[in-house]
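First up is the structure itself, then whatever we jot down about it.
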Amino acid sequence: MSVNVKEEEPVLAPNCDVVENTELEVVNGDEGSKLEDYGTCVDVITERVNQLEQKIVEVEQFYSTKDGAGQTNTSKSNSGGKKVAISQPSKCSSAGKEKARGKHVSSPELMRQFATIFRQIAQQKWAWPFLQPVDVKGLGLDDYHKVIEKPMDLGTIRTKMEGSEYSNVREIYADVRLVFKNAMRYNEEKDDVYVMAESLLEKFEEKWLTIMPRLVEEEKKQAEEEAQDRASRQLAVEAAQAEKARDLSNELYEIDQELEKLREVVVQKCRKLSTQEKKGLSAALGRLSPEDLSKALKMVSEGNPQFPAGAPEVELDIDLQTDVTLWRLKVFVQEALKAANKSSGGTNAQNNNNGGEMNKTTAKRRRAIFDAIKKVKRAKKA
């Protein structure tokens with residue numbers, strides 16, 4: 001990239017260096033306290049930015065894990081490894097919790113219909129062996145619990161129904177079948193208990209089919225309602241996150257405006273660059289590395305959007321730049337050249353160390369030669 005810097009007369013001496021005396025110089029008298037005030041403003045803004053950063057992480061985390069509505073998604077953020085809660089579950093009743101888990105909750109009418117079926121089965125003449133838990137000890141059934149993993153009886157089912165421990169009829173249906181299946185598993189087909197259990201199970205299945213259409217209809221309707229509820233909750237959460245994102249955008253814009261005003265105030269308090277300093281800045285720009293020069297031209301384009309910072313060849317008129325741009329360039333050039341000088345200084349120091357070691361070796365050799373010559377002279381005299 002080629003940069004032509006236009007500068008005004010008079011021309012400085014060739015050795016003018018912008019690195020010296022580049023601090024922002026303030027013209028007013030009592031500026032120490034004012035500088036402290038500026039520092040306080042910067043600290044306050046920094047604290048606000050840190051808080052906003054955390055909120056931004058939460059919003060980003062929400063949109064990166066937006067695959068489940070109404071769920072609490074916690075994961076580690078990029079800063080500090082803190083867990084971020086995306087949404088909180090709402091408190092609800094036991095029935096509501098069953099729905100939240102995707103479990104069907106039967107209507108009271110359907111529960112009453114099933115209770116009628118249950119009473120009809122329990123009142124059968126062959127139902128008496130199944131009304132109470134199996135008396136394992138009294139009947140001497142030592143292997144009963146080895147064969148039957150989950151004992152069940154109609155009396156236990158009635159107690160659970162009266163205590164509202166069942167939330168849907170499918171749960172009761174499964175336990176009633178378990179009563180008769182256990183009896184058929186433990187006993188042989190020729191046993192009376194086996195025959196009684198098989199007969200009652202057949203009658204129970206027939207009566208169960210009478211309420212199946214209503215059950216299927218309820219489950220389908222509830223599934224649709226649950227899907228709609230999930231969609232509504234997801235929309236509400238997304239709307240809240242979108243509102244948060246808008247608020248963050250507005251706050252960031254306000255902070256940017258505050259920083260701009262603060263920078264303008266600081267620059268107004270600083271003196272203008274002298275002609276000599278502008279000449280020195282022009283000369284220093286030519287000593288920047290290509291990478292640093294691109295950064296400097298970008299600063300110019302920020303103050304002047306019309307400036308073609310990315311063009312292959314640009315012409316920079318120092319006198320047309322604002323005080324803000326000039327001071328930014330001056331401080332940036334100072335830091336860039338200091339870093340470059342420090343890097344080259346380390347290389348030179350290494351070379352100097354290598355040269356010093358070579359000089360020491362040469363001096364030792366010279367002393368050895370002189371000592372040898374002296375010995376020869378003393379030998380001749382002898």
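Each Cβ is built from the backbone N, Cα and C atoms, and glycine gets one as well.
Predicted, not measured: the structure shown is a model, and the values here were computed from it.
Database features, via TrEMBL:
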- 67-105: region 'Disordered' (REGION)
- 70-80: compositional bias 'Polar residues' (COMPBIAS)
- 122-194: domain 'Bromo' (DOMAIN)
- 263-344: domain 'NET' (DOMAIN)
- 340-364: region 'Disordered' (REGION)
- 345-359: compositional bias 'Low complexity' (COMPBIAS)
| If you run through the domain 'NET' (263-344) with DSSP, how many residues end up as helix, strand and coil? | 57 helix, 6 strand, 19 coil
| field | the domain 'Bromo' (122-194), counted residue by residue under DSSP: helix, strand, coil | value | 42 helix, 0 strand, 31 coil
